[in-house]
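*Asks:* Below is the structure I would like to discuss, written out as structure tokens.
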């Protein structure tokens with residue numbers, strides 16, 4: 001891991017980029033991707049690079065020649081000219097022509113990229129601070145079998161990032177999918193034109209999957225459309241590209257592209273899951289605590305911290321009024337379900353299952369020495385969400 | 001040119017430049033209505049204002065356009081909100097009615113406001129609403145539910161390249177804070 | 001009043017002398033440069049390796065936000081205003097700026113503005129954390145309480161810049177010595193005049209944008225909130241209508257500096273003076289019709305994207321003319337390589353590299369892959385650091401002997417230059433690669449495939465940070481310790497311009513009380 005090796009790599013990869021142009025190694029160049037569009041984008045990118053490299057070599061070549069040949073020791077008597085209309089017209093016109101030559105393929109490609117008509121499948125993509133929700137628009141009027149789920153950063157990445165140690169001698173992270181893995185990936189069929197309708201619940205996010213050459217801003221209150229048609233089954237990874245708050249770097253996108261029959265089987269499974277309805281079975285205290293710890297670390301710990309003590313604007317949950325105060329349980333449940341308007345505290349009622357909410361609340365009220373002994377069951381949460389309680 | 005003359009010229013010019021500054025501040029704010037006008041002409045963000053009037057006309061039965069209806073709840077909006085028909089096929093020039101179902105599942109009175117958005121966004125200018133719940137706020141008492149109508153027709157001059165229009169309504173919670181408190 | 005200088009603190013508080021005010025601007029901007037640089041060090045330390053090692057993501061976002069704001073509004077812009085104050089009156093043969101008292105105010109507003117902005121670091125809820133572009137609704141509904149102080153700070157910076165710009169315009173139009181026609185003015189004066197017009201046109205729009213934010217936050221309007229009939233994308237339009245010309249506000253003065261330095265050390269007249277003026281004016285004009293190229297992914301109609309793509313690419317034409325003119329100036333000249341010339345040449349080369357990535361970014365379909373990645377970070381740091389900041393450093397080395405009467409330490413300055421060149425490229429060039437490979441902007445942590453390039457960038461950045469301390473030492477040596485050989489009145493062999501041909505070194509406190517004769 002010597003510095004020399006890094007420097008050599010730098011010089012090597014720089015020259016590789018200039019010399020090869022085809023860049024199999026995705027580490028320093030744009031990837032070609034797995035769609036017709038992404039390959040065309042990649043080609044245009046390479047053309048643009050080469051145009052710049054050639055112009056650069058000519059321009060800087062002339063400049064370096066002049067710096068060398070016209071230095072004072074070699075050329076003590078400077079020339080007197082300071083104007084030449086002919087030359088100036090030439091070097092205004094040539095860049096103009098080059099730019100037009102670049103713009104022509106760009107225009108055609110852009111029009112193709114913006115044409116989302118004739119799609120086979122529509123999926124709503126909704127950004128949240130800091131996760132994604134996917135909802136398959138199936139065209140039938142039955143609500144009970146909607147396929148809809150959230151996609152969060154996986155727990156392993158979360159732990160690694162927190163446990164990386166401090167200072168320059170931090171722990172070396174070696175997982176190739178660090179920060180690029182989620183609990184529930186988006187699943188789409190291969191060779192089908194899939195249209196994404198991108199929107200957001202809170203701030204602006206941006207849905208980016210480099211392998212598809214798809215990037216579209218998720219704007220709260222509006223829908224944006226973008227499409228892709230993937231050639232090869234596989235797992236493709238992207239990230240949120242627009243600054244959306246503290247965990248902007250921690251909301252990856254994973255898309256699994258399956259052959260049609262596997263996709264159909266997966267989709268049927270999801271529909272069956274939805275039809276089965278939420279799991280409202282009663283749980284013991286230790287079950288709630290175990291499920292609660294897992295869910296808390298996934299959804300709550302990035303703001304309230306794994307030790308519950310909060311951070312900056314995010315309040316502590318240890319021994320505070322909200323948790324241990326007299327009769328605070330109702331307020332606590334209401335806060336988790338409906339959020340606190342005007343703050344980063346979201347309304348988790350629509351994002352988490354009843355079981356998760358019950359477990360998180362039980363965990364928060366009994367972990368870190370809070371020890372209130374309060375136990376909340378999924379059924380209670382279900383009743384409150386449907387007009388009971390209060 | 002005398003010293004005084006120069007100072008006088010300076011003052012005059014400074015004043016003129018401050019006028020430019022004020023005009024540019026005004027321009028900054030004028031970008032808001034300008035953007036709205038631009039959006040209304042192009043339908044850019046779906047904010048094509050006002051009700052259209054349907055005039056009896058011969059529908060273009062040679063074309064069929066798929067209209068998808070989508071509903072989106074803001075995270076802090078606990079109502080059920082869904083299109084009764086999620087998808088219909090229409091002929092341009094013909095008027096249709098669809099329903100959106102809404103239910104306030106909470107134990108308190110709340111106010112909602114639906115905001116439309118179209119995709120592809122430029123289709124908004126061809127989509128004419130003759131009646132829509134989205135022009136008003138919805139006030140629902142605890143547990144109350146409602147089916148809200150929306151009547152519309154698609155312009156016959158909609159370009160051929162559009163075969164699908166998606167209309168998404170985002171339902172915002174606009175209940176004032178004090179009412180929420182009072183409800184408790 | 002021969003060369004009487006008031007003494008003590010009141011000289012600086014109440015001064016209306018353009019040279020004093022210029023000095024204060026330059027000192028202030030250098031302090032801000034170090035503050036913003038320290039923030040960059042925090043950023044690069046966190047990004048040295050994958051994983052969270054030094055700061056929380058929330059604080060990281062505050063650092064990126066303040067780094068951007070401090071560098072743009074606190075370092076680059078005041079530095080060029082400082083140069084304008086020092087140089088424009090001497091270059092056009094005027095005794096002072098046209099509005100000396102306003103000049104004093106416009107400077108003293110700045111420390112207040114930045115005191116306010118930096119004080120947010122110590123407030124409950126932390127400093128602004130939404131990026132220097134402060135997109136709504138992250139900065140409105142979701143902004144921290146300190147956002148209001150940020151808004152007020154931006155208002156103050158805006159007022160200061162507008163007053164400074166008005167001063168420049170009035171000075172250039174009314175205060176030129178007899179015979180100094182517009183087309184005889186040095187190019188630095190021309191580029192600053194055009195910059196000043198850009199400032200007067202766009203700073204008020206920025207003020208409008210932050211005012212709308214303020215009313216959205218506190219007075220129930222919803223300019224940028226869909227729930228009330230607004231649109232978050234509108235914010236981006238208003239912001240970039242300011243933001244794109246702002247980019248040229250930062251770079252145009254550096255164009256003027258290069259146009260002064262390259263002829264001197266090539267011992268040849270500037271090639272194509274009038275085409276340089278027209279090119280600058282066309283760049284300024286085009287800057288008003290390209291703003292939405294920052295927003296290619298927000299979902300614009302195709303026709304809009306095409307318009308902004310073509311208009312953006314057109315900017316390459318006048319910019320190319322400028323670069324070719326500088327090279328033609330050197331052609332068959334008699335070139336020597338003192339530090340100002342080295343910086344000016346590095347400026348031309350590295351700024352052009354930033355220009356190349358700019359042309360690539362202009363291509364909308366490909367921009368979908370570049371947008372909001374480190375490729376963009378590399379692009380704008382190439383035009384700003386080796387562009388605007390190297391330009392300013394070239395100017396400081398070039399005119400410092402005229403200001404102080406002493407030559408700087410040429411040997412140390414050469415070290416400063418060569419090490420800066422190595423570190424600036426080591427810092428920013430790898431960012432092209434990490435961006436193309438898929439690393440998004442404004443993240444405190446990243447996937448391991450970006451590790452190597454980030455480590456290089458961090459090492460480069462630490463070196464670049466150290467270089468600024470060396471720069472500070474070089475300046476202290478000349479300005480405070482008063483070491484270094486005496487400069488001649490002409491300073492550089494054949495340097496052109498009234499400040500070199502008509503004035504002694506150091507330039508006296510009051511100059512051109514009687515206008516010089518221009519031939």
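Cβ coordinates are placed from backbone N, Cα and C, and glycine is handled just like the others.
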*Asks:* When TrEMBL marks a stretch as transmembrane segment, which of C:21-43, C:481-503 is it?
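*Replies:* Based on what TrEMBL states, transmembrane segment spans C:21-43.
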*Asks:* Do the transmembrane segment (C:105-123) and the transmembrane segment (C:412-433) share at least 3 Cβ pairs under 8 Å, sequence separation 6 or more?
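*Replies:* In this chain the transmembrane segment (C:105-123) does not contact the transmembrane segment (C:412-433) - fewer than 3 Cβ pairs sit under 8 Å.
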*Asks:* Looking only at the recorded stretches C:247-265, C:277-294, C:306-328, C:412-433, which one has the largest tally of CB-CB distances under 8 Å to the transmembrane segment (C:340-363)?
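*Replies:* That would be C:247-265.
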*Asks:* So what pLDDT does the domain 'Cytochrome oxidase subunit I profile' (C:12-519) average out to?
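*Replies:* Looking only at the domain 'Cytochrome oxidase subunit I profile' (C:12-519), pLDDT averages out to 94.
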